[in-house]
Amino acid sequence: MAPELSSPSSSPRYTVGYALLPEKVSSVVRPSLVALAADRGVRLVAVDVSRPLAEQGPFDLLVHKMYDRGWRAQLEELAARHPGVTVVVDSPGAIDRLLDRATMLDVVSGLRTPVSVPPQVVVSDAAADADELLARAALRFPLIAKPLAVDGSAESHDMRLVYRRDGVLPLLRAPLVLQEFVNHGGVLFKVYVVGDRATCVRRSSLPDVPARRLLDLDAEPSVPFANISNQPLPPPDDDGGAADDDTPAAGFVDEVARGLRRGLGLHLFNFDMIRERSEEHGDRYFIIDINYFPGYAKMPGYEAALTDFFLEMLRGTRPVPEQLGPGSGLDMEARKLEPGLGIGLRELESGRAQA
């Protein structure tokens, strides 16, 4: 759909479709976002997932977070039936990497910034020997046990904190990841990425585990934990709290976010980062999770950030990353696209076709 030539006060010039699960809609597409987007010439339209995608729209831009294989087939049909019409963000092939905790954090090793991933091992065999696995990976307790698949279900967020070996054995019934738990002062830094913008929010996290807890044989060997990182912490200088330098420097956060964005080939995601402070090693940062298309309503000022991003994508003013992320899912269309601009279902002007 070509943009209409109209003033900002007239009807929207662009149509952005969104295909999200119901629970995701409520955490992203709020009235405040709809109003701001409309005021700036963008109309947000929900995709009816019960109807063929190719029969809807047309859309200038399509954002999505759907998990079933049928959705990818619908994107391919949309490209075939309406070539050169819609830009899709982000590409299914790039998103796939974040739906498997075995590959989710691989990108971190390629970053140029001093950040890493806690040691972890993938358990794919229910008959695996716990001692052998732990020894081979050189893991130390406590551990976090995470389901291998990330599919939006409640089960994919069912995690446990494991204090000793006999807490591991009951968990080996399903594919999972065992990751070392790093004491981090009960503070998690959740970084929201929208295009080239990164916003860091301090949130509560699991408290540190004292050494004596690992030796307490009368205590439970493992315990489930809910996702308690959704509550923002007070500013670091409130009520005698942490020092002013508690939150990572903005330049550091931006550099990490930029590296992840280029390595993943994604525009919309967040990542969880923690910091270990010790006299032996000083400050060490770890990335423990990356999530595609998070609940942006928890990000301060998300309405303006998303609206700006939509317009940049639609107007072709997005900065060009160094490389396209792994696998577009629609390879023949992705070749028409500037690196990092999603799936190229829209033909780009020849002047913008080169990176």
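Keep in mind that glycine also has a Cβ here, set from the backbone N, Cα and C atoms.
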Per Swiss-Prot: 1D-myo-inositol 1,3,4-trisphosphate is bound by LYS65, HIS157, LYS190, and from ASN183, ASN291 the site also lists ASN291
For HIS157 (1D-myo-inositol 1,3,4-trisphosphate binding site), what is the secondary structure state per DSSP, taken as helix, strand or coil? helix
ASP272 (Mg(2+) 1 binding site) has its Cβ surrounded, within 10 angstroms, by a count of other Cβ atoms equal to 17
I'd like to know which of the binding-site residues GLN179, PHE181, ASN183, ASP272 sit within 10 A of LYS190 (1D-myo-inositol 1,3,4-trisphosphate binding site) at the Cα level. ASP272
What DSSP gives for SER205 (ATP binding site), in three states, is coil
